[in-house]
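*Asks:* One structure follows; several queries about it will come next.
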Amino acid sequence: QVDAVRVYVNSSSENLRYPVLFVVRQQKGVLSWQVPLIFRGLYQRTYNYQEVSRTLCPSEPTPETRPSDQIIFVDVASMAPFNIAYELLVTRLENFQLETNKAFNFTASPSQPQYFLYKFPQDVDSVIINVVSDAAYPCSVVSVQDIVCPVYDLDHNVEFNGVYQSMTKQAAITVQRKDFPGEQFFVVFVIKPEDYACGGSVPSSVHGNANRTWNLQRTKNLQVTIVPSIKKSVYVQAMFFSFLSFLSFYLGSVVVAFVHYIRVQRKASAGRLSPEHGSGIMTSSHPISASTPEGSSYGAIDESSSSGGRQMSSPERKPPAGSDTDSSVEEESDFDTMPEIESDKNIIRTKVFLYLSDLSRKDRRIVSKKYKIYFWNIITIAVFYALPVIQLVITYQTVVNVTGNQDICYYNFLCAHPLGVLSAFNNILSNVGHMMLGFLFLLIVLRRDILHRRAMEMKDIYTLDYGIPKHFGLFYAMGIALMMEGVLSACYHVCPNYSNFQFDTSFMYMIAGLCMLKLYQTRHPDINASAYSAYASFAVVICLAVLGVVFGKNDMWFWVVFSIIHVLASLALSTQIYYMGRFKMDGPDSDWGIFRRAVMVLYTDCIQQCSRPMYMDRMVLLIVGNLVNWSFAIFGLVYRPRDFASYILGIFICNLLLYLAFYIIMKLRSSEKLLPIPMFCIVSTAVVWAAALYFFFQTLSSWEETPAESREKNRPCILLGFFDDHDVWHFLSAAALFFSFLVLLTLDDDLDTVRRDKIPVF
């Protein structure tokens with residue numbers, strides 16, 4: 001047991017020109033202070049205290065002294081030309097050494113800081129220092145320092161050494177034995193003279209004597225408990241759990257693929273289907289050539305089609321291609337290979353009832369190459385985006401480790417398990433699900449793509465006019481986006497704070513946008529946005545997110561500008577969707593009179609004669625969508641949420657859910673079926689998203705507040721003693737996104753045996 005000595009001094013003098021100086025000389029150090037003791041705050045405010053109490057650094061016993069003896073010298077001096085009364089009291093601390101798993105209560109104030117000694121037990125390699133208080137204020141600082149004298153235990157020097165946190169009601173610091181060669185350390189508690197650092201009120205700016213405060217009562221009751229942290233075996237169990245949990249998805253996918261293969265083989269042996277039915281391609285047993293005019297191009301409409309009254313034939317028949325990767329490189333300007341398509345497409349798209357054959361008239365190979373640009377572009381974006389992010393978060397972690405300032409990063413300190421240089425390895429490990437499931441989704445898409453190509457090699461691809469056109473570029477891009485979401489979320493959780501939160505959300509914007517584009521592309525393959533336009537739009541969104549982080553907290557002008565942009569973008573996109581992309585916003589043939597014409601249509605159709613909209617289903621969707629987006633704009637103007645990145649993400653997700661619900665409802669209205677696999681994926685998506693969102697809203701920290709206020713939300717681990725609520729959110733959200741992707745991949749499998757001129761567009 002180590003004993004320590006505490007010196008208490010008190011002086012009735014308020015003369016700041018002639019303070020009383022106290023100097024304590026010890027075996028290995030000198031400690032000095034003055035009375036009145038002066039602390040400085042904002043706006044040159046001063047806080048003066050006439051009572052000071054300091055703990056002396058414990059001395060090591062020498063051969064000349066007994067272990068319990070300490071030799072100290074106390075010098076008292078003042079330059080005052082008159083006598084000054086003072087009081088000096090030296091006492092022995094009975095409870096200077098903290099014990100494991102035993103709570104200890106004490107009080108501290110700005111002029112009477114406290115610190116205690118802790119020694120690691122033999123079988124403990126890591127401990128968590130838990131500090132709690134019933135009162136949020138006064139603001140305090142908890143510091144862990146090596147056994148070095150002097151101990152830095154005042155407001156102006158507590159940050160000079162060791163690891164420290166600001167605190168209101170709760171603080172937690174994880175300490176590892178390897179960081180202290182002597183296997184012991186000091187736990188220091190300092191009360192700050194002002195509360196603004198912890199989110200309290202900021203003192204007003206005053207001058208003269210009113211700027212001085214004497215003997216302000218700022219005593220705080222604290223309780224400290226030091227408990228052992230987890231052992232190394234828990235790290236191993238957590239890693240096995242993380243990888244095995246998501247490897248089970250791989251096993252499930254293999255089982256489903258094997259069962260599907262067996263079923264297809266049985267049907268093939270029965271002579272009903274070919275083995276390539278799993279790719280979603282009709283076999284030659286269907287009378288395709290009988291109903292398709294000789295020499296017609298891909299996706300042509302015959303005379304018997306209910307969706308078109310004329311035959312669209314190309315001037316010459318192109319030779320069949322073996323695969324999508326033929327040698328020639330086609331430019332986007334070659335998409336419309338039929339001479340009359342430019343003049344006919346506007347006529348076709350103005351029909352009241354559109355069918356998929358109307359919007360799948362372009363060369364399949366060229367359209368497929370167009371969508372593969374999504375895949376290659378997102379890889380380029382991921383590399384150029386991720387490398388600077390990784391470099392930046394490594395710098396953040398280095399700054400935390402070197403300075404010891406744990407207010408830089410907003411961890412859940414009650415469940416932050418370090419590993420190597422990382423302060424919260426559990427928050428990084430839990431993102432492995434996004435990477436593993438993103439790669440699994442790529443494998444599933446690759447399997448479908450290969451089966452599709454094999455089926456195409458066996459048939460004349462220009463006579464295939466069944467099912468949804470198979471373009472996998474957007475699916476590949478979605479898989480890469482899911483993997484990058486895991487990488488960037490892990491980077492964000494290396495040191496989570498307000499300045500790098502965009503790392504965690506950037507690819508979430510892209511995932512939501514790619515899902516909406518894929519859903520639209522399903523029945524509008526010829527008129528979907530190009531990869532360049534889509535990624536340029538995502539770049540604009542990310543720029544707005546950055547501006548929102550900088551200006552969105554208090555600047556009303558930013559919210560006005562953003563809301564105007566939001567509403568105008570919604571109207572422009574709605575008009576493009578309603579008129580199936582027939583109006584152009586750029587080029588020499590641009591139609592900037594689109595808004596004027598829209599007003600005229602509303603006036604003539606709704607006011608003069610109140611006629612029924614030509615495209616009722618589309619109109620209903622767009623009205624609801626605009627109401628939702630305008631509601632978001634109004635909400636932003638009124639409440640101005642500080643978490644602007646999550647606000648934008650909420651806009652994306654709500655629009656995606658609205659469009660998906662509309663798509664499924666219209667699919668069922670059109671007497672289409674939901675097969676067992678997509679039905680299972682839809683139910684799984686809903687269940688897993690519900691569970692994931694429950695854990696997402698269990699807020700464990702918040703960079704919208706000060707670090708001390710954020711720590712009030714910290715909670716212990718809930719899974720394996722290693723993962724917290726947010727880690728469970730990572731696990732479940734990865735699974736939910738994976739099931740969501742599978743919904744989009746399998747939703748229209750029931751249409752593989754349906755002619756495109758029988759598949760409605762909505």
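Placed from the backbone N, Cα and C atoms, the Cβ positions cover glycine too.
Among the features that TrEMBL reports, transmembrane segment is placed at 238-262, 374-394, 428-446, 474-495, 501-520, 532-551, 557-579, 619-638, 644-665, 677-697, 728-747. Look at TrEMBL and you will find 272-337 tagged as region 'Disordered'. According to TrEMBL, the feature compositional bias 'Polar residues' maps to 281-295. Residues or ranges marked as compositional bias 'Low complexity' in TrEMBL: 304-314. The annotation compositional bias 'Acidic residues' is assigned in TrEMBL to 327-337.
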*Asks:* Please check if the transmembrane segment (644-665) comes into contact with the transmembrane segment (501-520), where contact means 3 or more CB pairs closer than 8 Å and the residues in each pair are separated by 6 or more positions.
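*Replies:* In contact, yes.
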*Asks:* Out of 374-394, 428-446, 557-579, 619-638, 728-747, which stretch has the largest tally of CB pairs under 8 angstroms to the transmembrane segment (474-495)?
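*Replies:* The stretch with the most close Cβ contacts to the transmembrane segment (474-495) is 428-446.
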*Asks:* Does the transmembrane segment (501-520) make contact with the transmembrane segment (728-747) through 3 or more Cβ pairs under 8 Å, each pair 6 or more apart in sequence?
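*Replies:* Per Cβ check, the transmembrane segment (501-520) touches the transmembrane segment (728-747).
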*Asks:* Excluding the flanking five residues on each side, which residues at least 6 beyond the ends of the transmembrane segment (428-446) place their CB within less than 8 Å of a CB in that stretch?
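*Replies:* Distal contacts: 238-239, 242-243, 245-247, 249-250, 253, 422, 472, 475-476, 478-487, 489-490, 493-494, 723, 726-728, 730-731, 733-735, 737-738, 741-742, 745.
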*Asks:* Would you mind listing the long-range same-chain contacts of the transmembrane segment (728-747), meaning Cβ under 8 Å and 6+ residues beyond its ends?
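*Replies:* Same-chain contacts beyond the flanks: 242, 245-246, 249, 427, 430-431, 433-434, 436-438, 440-441, 444-445, 448, 475, 478-479, 482, 485-486, 489, 511, 515, 518-519, 522, 660, 663-664, 667, 674-675, 677-678, 681-682, 684-685, 688-689, 691-692, 695-696, 698, 718-719.
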*Asks:* I need to check the long-range neighbours of the transmembrane segment (374-394): which residues 6 or more away from its ends have a CB within less than 8 Å of a CB in the stretch?
*Replies:* 473-474, 476-477, 480-481, 484, 487-488, 491-492, 494-495, 500, 503, 506, 510, 514, 531-532, 534-535
*Asks:* The transmembrane segment (238-262): which same-chain residues, six or more beyond its ends, come within Cβ distance under 8 Å?
*Replies:* 278, 426, 429-430, 432-433, 436-437, 440, 443-444, 447, 677, 720, 722-723, 731, 734-735, 738
